[in-house]
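Chemist: What follows is a single structure, and I will ask about it in a moment.
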Amino acid sequence: MPCEGCMERDNVSTSATMEFLLLGFSELLRLRVLLFLIFLIVHLVTLAGNMMIFMAVVMEPSRPPMLFFLCQLSAIELCYTLVIVPKALLSLAVVDGSTISFLGCAAQMHLFVALGGAECFLLAAMSYDRYVAICQPLHYAAVMSEGLCLRLALVCGLGAFVVALGLTAAVFRLPFCQSHRINHFFCDVPAVLHLACTQSYTPELPLLAACVLLLLLPFLLILASYVCIAVALLDITSSVGRGKAFSTCVSQLAITLLHYGCATFIYIRPKSSYSPARDKVVSLVYTNLTPLMYPLIYSLRNKEIRGILRKMLRRKKTAQVN
C-alpha cells in the first residue's frame, strides 16, 4: 500500500514539473575540492584511454573479432562515463546537491542500465570468441565471421536497450513520496526505488528480472565458455602452449570479475539492505575506476592492441619529422 504523503501523479504534469535532488557527496564538505579534482582527472584519463583504443582499432584496416569487440567495448565505456560522471562532478561543485528533472533522471537511468547491460552481453560474446579460438582453432575463421560479429554486436545493444527500457518504465511508474532527495550522485535504480511509497517487494521484481537477463544469463554463458576452455587447456601437453592460450583470456577474466563483482554487490540484494553510503562508494568504483582499468588492462595484456598503438606512435613520429 502507498504510504501517506505520496503524490498522485499523472504522467504529463509530473514529467514536466517534477524534479529530483541528487545529494551526491554533500556529507563530505571538507573533501569536496579534492574529490572534484580526483574525479575530473580520472574522467579525463578514462576518456583519453578509451578514445585511444577506439581510434586505434578503427584506423586498423584488418580487424579480427577480438579487436572488433574491444572497439565496441571502448565505445560503450565512453558513453557510460559521459552519462554518469559529468553529473557527479556537478554534484561536487554545488554545495546543496544538483537537481535533475523527472525525464532527465529516467533518461540517465535508462542509458546507464542499457550501457551496463550491453557490456555484460558483450563480455559474453568475447568469452565465446575465446572459446572458439582455443577449443575450435581450425574453424575459428569460419565461425567468427564478420557477419556473426556484427549480429552479436547488434543483439548486445538492442537486447540491453529493451531490457533497460522495461526496467526504467516500471521504476518511474511507481508513486514517489514527498521527499525527492536521492542520496546518490546519479539516478541509480536502488536509490530511486528507495523513494517509492510502497510497503511490498513488488517494485523490486522488475529489477530482479533485469538482473537475471543482464547479469545472470551472460554470466552463465561466460562461465560455460571458460569451463570448456579450462577443459581444453588441460588437454594441451605443452606448458608453453597452455600458458599462451591462457594469457589470451587473462584480460577478459579480470574485466569480467571486476564488472560482475561490483554489479552483483549493488543490484542483487533486497531493498531492506540498502545502504546509501556503501552504495555510493561501490558505485564510485563501478562508474569511475572500472572504466579507467579497462584500457589499462587491455593495452598492457593484449599484444594486438600494443602493436596497433606502436604503429600509431610511429605514424605520429613520421608525420612530425616530415
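Residue 1 is the first one shown; counting continues down the chain.
Glycine is no exception: its Cβ is also placed from the backbone N, Cα and C atoms.
Remember, TrEMBL labels are computer predictions, not curated facts.
TrEMBL lists these features:
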- 49-298: domain 'G-protein coupled receptors family 1 profile' (DOMAIN)
- 33-59: transmembrane segment (TRANSMEM)
- 66-89: transmembrane segment (TRANSMEM)
- 109-128: transmembrane segment (TRANSMEM)
- 148-172: transmembrane segment (TRANSMEM)
- 207-234: transmembrane segment (TRANSMEM)
- 246-269: transmembrane segment (TRANSMEM)
- 281-300: transmembrane segment (TRANSMEM)
Chemist: Taking the transmembrane segment (148-172) as the first stretch and the transmembrane segment (66-89) as the second, find out whether 3 or more Cβ pairs fall under 8 Å, excluding pairs closer than 6 in sequence.
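Modeler: They are in contact.
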Chemist: Could you check whether the transmembrane segment (109-128) packs against the transmembrane segment (33-59) - three or more CB pairs closer than 8 Å, residues at least 6 apart in sequence?
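Modeler: No, since the transmembrane segment (109-128) and the transmembrane segment (33-59) share fewer than 3 Cβ pairs closer than 8 Å, they do not count as touching.
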Chemist: Can you tell me which of 33-59, 207-234, 246-269, 281-300 gets the most C-beta pairs within less than 8 Å of the transmembrane segment (66-89)?
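Modeler: Out of the listed stretches, 33-59 contacts the transmembrane segment (66-89) most.
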Chemist: Where among 207-234, 246-269, 281-300 do we find the most Cβ pairs under 8 Å to the transmembrane segment (33-59)?
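Modeler: Counting Cβ pairs under 8 Å, the winner is 281-300.
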Chemist: In this predicted model, what is the average pLDDT of the domain 'G-protein coupled receptors family 1 profile' (49-298)?
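Modeler: Averaging the confidence scores along the domain 'G-protein coupled receptors family 1 profile' (49-298) gives 84.
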